[in-house]
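Report on one structure; see the data block that follows.
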Amino acid sequence: MKNSINASEVVNIIKEKVETFDNPIKRENIGEVISVTDGITLVYGLEKAKFGEKVSFASGVEGIVLDLDHDTAGIVVLGNDRDVKEGDVVKCSGDVVQVPVGHELLGRVVNALGDPIDDGGEIRAKNKMYIESKAPGIIDRKSVHEPLQTGIKIIDLLIPIGRGQRELIIGDRQIGKTTIAIDTIINQKKINDEVNENQKIYCVYVAIGQKISTVAKVVNKLKESGALEYTTVVVASASDCAPMQFLAPYTGCTIGEFFRDNGMHCLVVYDDLSKHAVAYRQMSLLLRRPPGREAYPGDIFYVHSRLLERAAKMSDEKGQGSLTALPIIETQAGDVSAYVPTNVISITDGQIFLESELFHKGFRPAVNIGLSVSRVGSAAQLKSVKKVAGSIKLSLAQYRELEDFAKFGSDLDATVQLSLNKGKYLIELLKQKQYSPMQIEEQVLLMYIFSNLYGQLNKVQVSNINRFECDLINYFQTVHPGVLKKLSGDMNDDIKDDILGIVSDFVTQFNCV
């Protein structure tokens, strides 16, 4: 007869199995896609989703929660929305977007999520940071006092920029806004070669909504000039979806913050925030948020202010690092009173205004000195620059005024004629070719000659000023490099006497050629 198992034995076996069961239930916050429209998905469920949380769809595509309702969530898709279908399961990650940061990203081209899109292989960064972080507080900051040299004469002399400043570059399309930013990045090459690690300026160039061919030209130019080795390029091109264009500047800022928070210096260029605002407007309207002025949502100011406020010069206790921001805004027919331009002007510490009329006249970079200002940069100017630049702005303003006045009358007194003649020389001296930044001591030399040795400069014809400028700087670099080097410090009488003698001899030789 077979042995029978009684009920108590069965109960004991079940109890033992239950107690030794080591596969705990995994709880997941999931939802279901209700609708997909132009990169925006409406998801039912996700009860514990957080604003800004990263989610993943069944196809592997990721998204970000940007709208929360009673029982639904609005999610922007970070990729192709064709891979997302109604009824798909959506899972919350429990985390917000992070991007890789560190020296490993230098020389690389990445997308808005920090993934490489060049041919350099995988980025093995040791650190990651959240793309959304609080701006440094008042106590953690220090006033701007160190110069950031752009290599552009009209900016370094008249609209100086300091490390930790936010300086807006604004103007119509195709008049040199990006060129100023790229020149500034290229100019750091010589400076970085001469200083230690903590004094180097690392750069981040963020391309938002631009053609891929345009970005490729910029990357090639940086590579040719040797500037890509200390630069990271973040790209969200015109072919990328609106959410990627929206995230790109925050990613670029986060990459720059790594250097700032570790006692180093970084320059971030946002090219441009007009397209960034358009991408955010598109997302907001699709999320059915109420439109405001020019159909932008009510929080468009906050979107830009929370980005630009992260640029700062840190205090001694926080490592003395800095993050400098050069946002770019494109205007329509020179209208700076539009919604987004006025917002960004009010957020930043000054603006460099480029004018189409000056550009077409051949005055390049086409900076309108009357409308351009740097509110904190003067505190960071070198003493020698302050001495020579003091009268330049006044001379330029007088020339512009007298130029219009001279059109109405032919009889001009000697003083007016002298101011007009000096203005013509100054205009030629302030012109600069694309991708040819100039060191600060060379700028000081040229402006000192204009301000104090006009009698010598006047011997050169206006049409020959550009050739005179190039030959003079080459002469100083090869024959008198010591004198040129001293001009980056304070200027004393001995240096002035040396310059007078050298320039007098050079002008004589130049006119004989």
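Backbone N, Cα and C define each Cβ position, glycine as well.
The ATP binding site annotation in Swiss-Prot covers G171, D172, R173, Q174, I175, G176, K177, T178. There are 11 other Cβ atoms within 10 Å of the Cβ belonging to R173 (ATP binding site).
The Cβ neighbour count for S372 (site 'Required for activity'), using a 10 Å radius and every protein chain shown, is 21. Here Swiss-Prot flags S372 as site 'Required for activity', drawing on sequence analysis.
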Drop a 10 Å sphere on every Cβ of the binding-site residues G171, G176 and tell me which sphere holds the fewest other Cβ atoms.
G176
Counting Cβ atoms within 10 Å across all protein chains shown, which of the binding-site residues Q174, T178 comes out on top?
T178
Using Cα coordinates, what distance in whole Å links G171 (ATP binding site) and S372 (site 'Required for activity')?
11
For T178 (ATP binding site): DSSP state (helix, strand, coil):
helix
Beyond the listed site residues G171, D172, R173, Q174, I175, G176, K177, T178, identify every same-chain residue whose Cβ lies within 8 Å of the center of their Cβ atoms for the ATP site.
E330, L354, F359
Where among the binding-site residues D172, K177 do you find the Cβ with the fewest other Cβ atoms within 10 Å?
D172
If one measures from the C-alpha of D172 (ATP binding site) to the C-alpha of S372 (site 'Required for activity'), what distance in angstrom results, rounded to a whole number?
15
I175 (ATP binding site) CB neighbourhood, other CB atoms within 10 A:
21
